[in-house]
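S.K.: The structure's right below; bear with me while I get my questions together.
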Ligand code: SAH
Ligand code: SF4
Ligand code: F3S
C-alpha cells in the first residue's frame, strides 16, 4: 500500500506531516512522491488565509476525479480540517479520513476502519509521539508547544489548533537527542507562540530555561519560531545572550505599526512596547538578525496608520519581513465585525511595503560583506555552479559548489550581497567537519 502526503501551511504543518509519515511507515505503508503512484493521498491543510484554502479546494476536486476513476482513499488533516468550511469541503469531495491537528495519532485506527473516519478531538498522545529523525537531514523541526492562547481578531489559528499545550520537556530532549545522534546539526523549536512554553503545566521549565537546556545538548545550532512581543520577556533575551548554540535570529511579528490598528487586532501590546523589546534585543544581542510578519490593509487601516507601519519598519530596520494582505477568515472576530478594505488599496500598500523591505534587506545584507559566517550548506542552488545554505541569521548564502562538495557546516567569508542573497567563499577549516553524504539532502 502506497501513500502520498501533500503539505500546505507553516512549519508546524511540515512537522505534523513528518509525524503522520512516520506513523504510515510504521504501519507498513510505502511513501511515494506522486498522486498517480498512491493508494492513499493525505492533504495537510492550512486555513490562515483565503489562498491556501482555495488551493485545497481545487486539489480535493482533482482527487475526487481520481477516486472516481480508480478508487483512491482520500485523507484531509490539519487546520482547515478542523473548521466547518473544511468539513463541508470534505463532504463534497468524498474525503474518507479527516483528522484535526490534535487527532493525528488516530491515523492507525482511521486506516483500519472500513468506513468514513473523522476525528476532531485533541488527543493527549499527539504530544507524546516522537517521530524518528528525518532520513539524512541536517536540519529538523521539533514541536514544543501546540495551540495558541492569544485571540488576534484576524486569526483563525486559535480556532483550528485550540489552546496552548506544552510537550513534556523529557520528550522534547529525547527527540532532540535522537536527532543529534542521526547527524542533525540544526534544530528549530516550533510553536505558534514558543515564548509561552511551560506556562500551562506546573513544574515545566519556562521557555528561557528550555532554551538553555536544549542549547547545552551539543547541537551546534538551535533556533525557534514563533515569538510574541507580549511574551518575549527579558529572561528569554538573557538565555539567548548566554547560550552560544542559540542562533541570534529573532522573528518577532509586529503586524502593524499603528496603535489604533494593533488595538483593533487585539494584539495586546502597543508600538512603544514593541520598540522597547527591540531596543532590549539590540542592547543584549548587537549582532541579532531581526525579522517580522506584517499584515497590510487590516479593516479600517487608514493611510496614516499605514505610514506608522512604514515608520516602524525604518525605526527597527528589519533584515527580513513576511508581508501579507489581510484576508478575511470566516469565524474570526474581524470577519464578523469589520468591513474589508478594497483590494486595490491593500495591494498598493503591499507594493510600497515590499519596496521598503527590499531597501532594508539590501542595506542589512551589505553589512555582512567582509564578515565570516557559519553556513549550513544543504543542497544545489538554482544558480548554476553554486550550492545554497543559510547562516546563523537565516540569510540564504550561496557558495561555489566546488568549495562545499558535501552538505554540512562551513565557515564562509561573505563577498557580495543582493537584497535577497549573500554570496561567499569557504575559508579555513570547516566547522565542524561536514557529514559526508551524496546530494540531495534535506
Ligand atoms: N503564531 C504566529 C503566526 C501566526 S500565522 C504569530 O503570532 O506570529 C502567521 C502569520 O500570518 C501571522 O503572523 C500574520 O501576519 C499572518 N496572518 C494571520 N492571519 C491572517 C489573515 N487573516 N490575513 C492575513 N495574514 C494573516
Ligand atoms: Fe494567531 Fe495571534 Fe495566536 Fe499568532 S498569536 S497564532 S497571530 S492568534
Ligand atoms: Fe496554516 Fe494552521 Fe499553520 S492555519 S499557518 S497550518 S497553524
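Keep in mind that glycine also has a Cβ here, set from the backbone N, Cα and C atoms.
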S.K.: TrEMBL has 46, 79 down as binding [4Fe-4S] cluster 1; which of 10, 148 does it also list for that site?
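M.R.: Within the candidate list, TrEMBL flags 10.
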S.K.: Within the same chain, and leaving aside 10, 46, 79, name every residue whose CB is within 8 angstroms of the centroid of the CB atoms belonging to the recorded [4Fe-4S] cluster 1 site, in sequence order.
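M.R.: Residues close to the [4Fe-4S] cluster 1 site, other than 10, 46, 79: 8, 9, 12, 13, 45, 47, 48, 52, 78, 80, 157, 160.
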S.K.: Let's see if you can do this one: DSSP helix, strand and coil counts over the domain 'TRAM' (366-428), in that order.
M.R.: 4 helix, 34 strand, 25 coil
S.K.: Going by C-alpha positions, which of the binding-site residues (148, 152, 155) is nearest residue 46 ([4Fe-4S] cluster 1 binding site)?
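M.R.: Nearest by Cα distance to residue 46 ([4Fe-4S] cluster 1 binding site): 155.
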S.K.: List the residues in the vicinity of the [4Fe-4S] cluster 2 site, defined as same-chain residues other than 148, 152, 155 with C-beta within 8 angstroms of the site's C-beta centre.
M.R.: 150, 151, 154, 156, 157, 158, 192
S.K.: Which binding-site residues, if any, among 10, 46, 148, 152, 155 have a Cβ under 6 Å from ligand 3, given in order along the chain?
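M.R.: Checking each Cβ against ligand 3, the ones under 6 Å are 10, 46.
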S.K.: Are there any residues at least 6 positions away along the chain from residue 148 ([4Fe-4S] cluster 2 binding site) with a Cβ closer than 8 Å to its Cβ? List them or say none.
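M.R.: Result: 155, 157, 158, 161, 163, 164, 192, 193.
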